[in-house]
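Feature annotation from TrEMBL assigns domain 'RING-type' to 16-55. Among the features that TrEMBL reports, domain 'SIAH-type' is placed at 75-135. The repeat 'WD' annotation in TrEMBL covers 208-248, 249-283, 292-331, 332-374, 415-448, 455-485.
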């Protein structure tokens, strides 16, 4: 594979010590803190279980994603791979793949290659070729044949439906009237429990697997509509009660990191790695109502309160928008590094908390857009924050959860139990839940500050979770959404 050509020479710290190229999907050793490309270190450990740099003992189980290095490498500005063929576009490395799909200078094949045409060339050349393509001349016959096949398939489908109906009638005639006969596709849902969130009996009651890429963000409405965003830029809407998908939106070109619903106006907002905030209808067509382009970097968090939308970006800025006019009312340079999460303070809706990779939390007065207090003793990059019972709980990159007393603004506790960074933390009714890149969700008893339950259903990073109607909803890199009760 050709090396990516950057507009300026990258910092030497962004180069993998094995392949000497800019990091791709970097992994960091928990033992010696050395980082390598995932492919490079995987190949190396197949030969011997030692770090290539310091020779300390190392296995794949001691490696996890270095998200900081990945973010820095992905945001390097690069030339289009088709520069030699005439394309002069530049973009972040993360956007190269998306650009390559639409670059008119990219090498391509005839649209009829699936039928047997062997022509290959640039996008422009492929377009010119169509007028001479023998397969293009055959298209009227091919389309007519396809229509006949489609008609036959519809006839077969109708006959299969009739057969299924007859089989069901026979089943009803065979079994006693009191026995229920289920359709083959009908899902058996376990009965609800009354132990959420307290007690020990929390189980996965449903797994939703409609997403084709890792799920990175969730939102939930009072009408039991669940919204999910994913790595591939899509947003899917589900009926949370039945688990059925009701709508899919091709929303963004890159990862969707945040979704927020404003039920009073029937709209929802989405944002992600492309730096755009988009406005959509909760019910209706998949037409984007508005695109807010003021952010120049990734947008990781959205919050809505009293007619205002608050957005947080990887450049450390918070922007305040009117949800009526969609205009940006104010921009705050809130942190010196990436803002990973915003949350409204549960005891006072005029206050909001931000958490950042600069290892600080900040409490904001929304009426004046000014900081009331800065909590500077997180000890590691802050990833998420929640409030409850007069406390703040911040999750960190070093796999901890730090508790702060909001009456005294002092750090009171550190909760430990996860093995990797804690990506999500949420408080409800005196109980704390946390989700981690170690693939687990933990429940914490805030009377003892001890973890009393670990949920292990996910097979990848736990990226997001929300509380629904008497349930916990989680989503992860394994492309699934799970509903726990």
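Cβ coordinates are placed from backbone N, Cα and C, and glycine is handled just like the others.
Since we're looking at a predicted model, the values are computed, not measured.
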Spatial neighbours of the domain 'RING-type' (16-55) far in sequence, C-beta under 8 Å, 6+ residues away: 3-4, 6, 10, 62-66, 69-70, 73, 76, 93
Message: With Cβ-Cβ distances below 8 Å as the criterion, list the same-chain residues six or more beyond the ends of the repeat 'WD' (292-331) that contact it, or say none.
response: 71, 75, 257-262, 265, 267, 269-279, 337-344, 349, 352, 354, 356, 358, 364, 366, 369
Query: Where else in the chain does the repeat 'WD' (455-485) make close Cβ contacts, counting only residues six or more beyond its ends and a cut-off under 8 Å?
result: 65, 192-193, 196-197, 202-209, 211-220, 224, 226, 228, 230-231, 238, 240, 243, 423-424, 426, 428, 433, 435-437, 439-443
- prompt: Which whole number is the mean pLDDT over the domain 'SIAH-type' (75-135)?
  reply: 87
Statement: Summed over the repeat 'WD' (455-485), the DSSP helix, strand and coil counts are 0 helix, 18 strand, 13 coil
Query: Residue counts in helix (H, G, I), strand (E, B) and coil for the domain 'SIAH-type' (75-135), per DSSP?
result: 28 helix, 12 strand, 21 coil
- prompt: So, by DSSP, how many helix, strand and coil residues make up the repeat 'WD' (415-448)?
  reply: 0 helix, 20 strand, 14 coil
